[in-house]
Amino acid sequence: MNDHAIYQLPVAVEARNLGKSYRKHKSSVARIMDFANYLLRGRRSSRFFETSHVLRDIELAVREGRSLGIIGQNGCGKSTLLKMVASIISPTSGTLKVNGRVASIIELGAGFNFEDTGLQNIYSYLTMYAIPSAAIQEKVRQIIEFSGLGEKISAPVKSYSSGMVVRLAFAIIAHLDADILLVDEALAVGDAVFSQKCMRFIQTFKQHGTILFVSHDLNALQAICDEVIWLHDGVIRARGPARPVCDAYLEFTLSADYPDLVPQGHALPQKLPSSLTTIAEMTLDAPTARVEISPEPDLSRGFGGSKAEIVDVALRSITGKEIGVLKGGETVELAIRAQVKVEVSSPIFGFIVKNSRGVEIFAENTLHDLQNGPLYFEAGVQYEAVFRFSFPILPSGDYTVTAAVGEGDFYQHKQLIWRHDVLVLRVASERFRYGLIGLNDTRVSVYRHEMELG
Amino acid sequence: MQKLKLVIMLAKNELRGRYRGTLIGKLWLFVTPLVTLVLYSLVFSNIFKARWEFLGANVYTNYAIVLFPGLMMYQLMMDVLGKGGGAYDAYAPLTTKLNISTRDLILGGVLASLIPFWAAIAIWYLGVSVLFGLTPRGGTLVLLIAFVFSIFCVGLAFLSTVIGALLKDWLQFLGIISMGLLFISPILYPTEHLPAALQNFVYLNPLSHFIDIIRHGAFQPDIPFSLLTSLLPVLGATIAVLVVGIWLEHVLGRFTHE
């Protein structure tokens with residue numbers, strides 16, 4: 001969307017000169033005096049309290065369907081801003097306009113009565129968010145299905161694991177018909193499959209709704225947000241597209257913690273290298289991990305299926321043996337088997353491996369073959385595609401494999417069958433270093449530059 | 001409409017929570033007042049020999065049935081004062097994280113106290129009707145004053161909220177005055193037992209007026225009742241308490257948030 005088109009959109013959240021401060025009264029007597037003064041004369045006097053400003057001069061305009069990320073250190077006012085948008089607290093100064101229904105994930109599970117059952121809590125929440133009675137039954141059904149809690153929904157919430165509480169809370173928030181979604185650090189929820197579901201929900205929500213997203217997870221932030229503001233000590237220190245603002249923030253936090261690591265903007269003294277002497281040759285020990293593969297594929301989630309059905313997905317060794325565990329670096333086979341129901345003229349097999357935040361780590365499909373012509377599948381036959389590749393080294397966490405069969409060419413294709421999170425790969429890495437993927441077999445040489453002063 | 005649904009939901013949740021997991025569940029709604037009644041009757045009518053001789057011969061010895069409405073009103077009043085007084089702190093975990101107002105939470109809490117109150121009053125008046133007969137005049141008066149008292153308690157809850165929010169000592173203070181409100185009232189004994197000088201003192205307690213009227217309706221429906229001198233002041237006080245309570249609570253909301 002170009003800038004002009006964005007400015008045509010109606011504003012969902014608009015703040016003008018917005019500020020929030022808290023007053024701390026010097027004593028009980030001061031509090032009563034202040035109240036009496038306020039009651040009788042409609043004024044307040046700073047004699048009675050100390051003011052601390054949490055937010056000052058916030059100017060914002062988030063248009064419908066856009067997403068705004070908010071970053072900043074603890075206590076910079078991020079949550080306060082969200083709470084004002086959610087009208088949980090009211091501004092001290094300035095104006096704040098919010099057009100649309102707000103659902104907030106400020107603290108998942110806040111307001112749950114732990115003695116009540118999951119179902120009773122759903123009803124309480126729906127009443128609190130003023131969902132009309134006519135729609136309640138359908139909502140309850142959708143929430144139970146989304147949460148995946150099944151029979152547990154009739155048990156008291158106190159018997160839930162913390163992951164289950166969060167799943168229930170997220171499921172409720174996702175079904176409040178909100179126009180504006182406020183998310184505060186809540187996405188590291190549940191297991192891998194459920195986090196994927198949340199990320200998918202947020203991605204889908206983005207297509208029509210407005211999102212305000214607070215996170216310290218700069219990757220997730222960049223994946224979700226069109227624009228980011230950086231709050232520092234209650235004022236907006238930077239704003240703009242996600243990438244540069246996140247980079248600036250990262251540099252700031254790093255320099256606050258490790259001032260020596262960050263370039264200070266002046267060049268090092270120039271010295272001319274004259275010769276190199278090798279002082280060490282190293283082979284870095286590859287950061288292996290233990291990858292556990294879920295034994296049975298779960299083919300229940302996704303869409304499509306009328307023309308083709310995925311009947312099996314397996315990650316196995318090149319000898320075709322099922323493997324429960326691998327360590328990264330070895331060659332494996334990922335096999336996707338599909339039952340084709342009607343004739344398919346240019347079929348495509350593909351898969352995506354995502355981490356628990358929904359970031360696609362690697363993916364491949366049969367379109368990327370440049371030598372052969374398109375395939376052809378007959379109706380009523382099973383076909384299997386086997387991808388052989390060297391399995392990468394991954395940091396600890398849960399990963400999921402999504403598999404699909406499509407039809408078409410590089411420019412235009414549609415999915416015949418798409419299955420989310422078919423396999424779960426649980427990676428336990430003993431000492432993974434940095435980034436999303438580990439390097440295998442890395443060699444390093446360290447040289448000594450013999451300098452001559454220029 | 002939506003607010004009403006919310007308040008009803010909050011009250012239901014509170015009542016459900018109160019009796020959850022107990023052996024006899026909702027029966028406690030009736031057991032508690034009955035046991036209290038039996039206990040007070042034993043102590044006051046048998047040990048202290050209290051009698052309601054001013055209510056006529058047929059009620060004279062029936063200490064418990066006269067005591068009951070007063071006791072229920074007293075309990076309701078202390079209940080809502082306590083709920084209001086602690087509301088700002090008690091509901092903070094909800095109001096700072098969810099878009100729900102302290103006002104709605106208090107109304108839900110008060111409704112949760114009103115439901116057992118009305119259950120108790122209904123049972124009591126059923127008993128009165130069986131023992132002494134039902135008259136339309138008396139029934140109307142009992143229902144009316146129970147309703148007015150309920151409204152009075154809503155106002156009190158808001159007033160207590162404001163005081164409690166401004167002055168943390170309020171809950172401690174309530175503990176002390178609760179005793180006074182019980183004894184300086186016609187709940188346990190007829191006012192006429194007091195020396196004349198003290199009798200007026202009893203009527204500083206707002207409860208006394210409500211109790212007199214509800215007893216009048218139940219036990220002396222045939223004696224003329226002056227609306228002007230008995231009911232109107234009570235009605236006026238109720239409206240005043242309600243209006244001032246709601247207004248102050250509203251001001252307090254702005255005071256704490258802006």
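Backbone N, Cα and C define each Cβ position, glycine as well.
The domain 'ABC transmembrane type-2' annotation in TrEMBL covers B:24-252.
Here the transmembrane segment (B:27-48) has long-range neighbours at 18-19, 61, 63-64, 67-68, 71-72, 75, 116, 119-120, 123, 188-189, meaning same-chain residues at least 6 beyond its ends whose C-beta is under 8 angstroms from one of its own. Taken from TrEMBL, the feature transmembrane segment covers B:27-48 (among others).
Here TrEMBL flags B:54-74 (among others) as transmembrane segment.
For B:105-127 (among others), the entry in TrEMBL reads transmembrane segment. Tertiary proximity for the transmembrane segment (B:105-127) is limited to same-chain residues at least six positions away from its ends with a CB under 8 Å from its CB atoms, namely 6-15, 18, 29-30, 33, 65, 68-69, 72-73, 75-76, 79-80, 83-84, 87, 91, 94-95, 139, 142, 146, 150, 153-154, 157-158, 161, 218, 249.
Under the heading transmembrane segment, TrEMBL lists B:139-163 (among others). Only residues 6 or more beyond the boundaries of the transmembrane segment (B:139-163), in the same chain, are considered here, and those with a CB under 8 A from a CB of the stretch are 73, 76-77, 80-85, 87-88, 102-103, 106-107, 109-110, 113-114, 117-118, 121, 125, 129, 170, 174, 206, 210, 213-214, 216-218, 221, 225, 231, 234-235, 237-238, 240-246, 248-249, 252.
Annotated transmembrane segment per TrEMBL: B:170-189 (among others), in sequence order.
Below 8 angstroms of C-beta separation, residues 141, 144-145, 148-149, 151-152, 154-159, 161-162, 206, 209-210, 212-213, 216-217 of the same chain, each at least six residues beyond the ends of the transmembrane segment (B:225-248), sit close to that stretch. Here TrEMBL flags B:225-248 (among others) as transmembrane segment.
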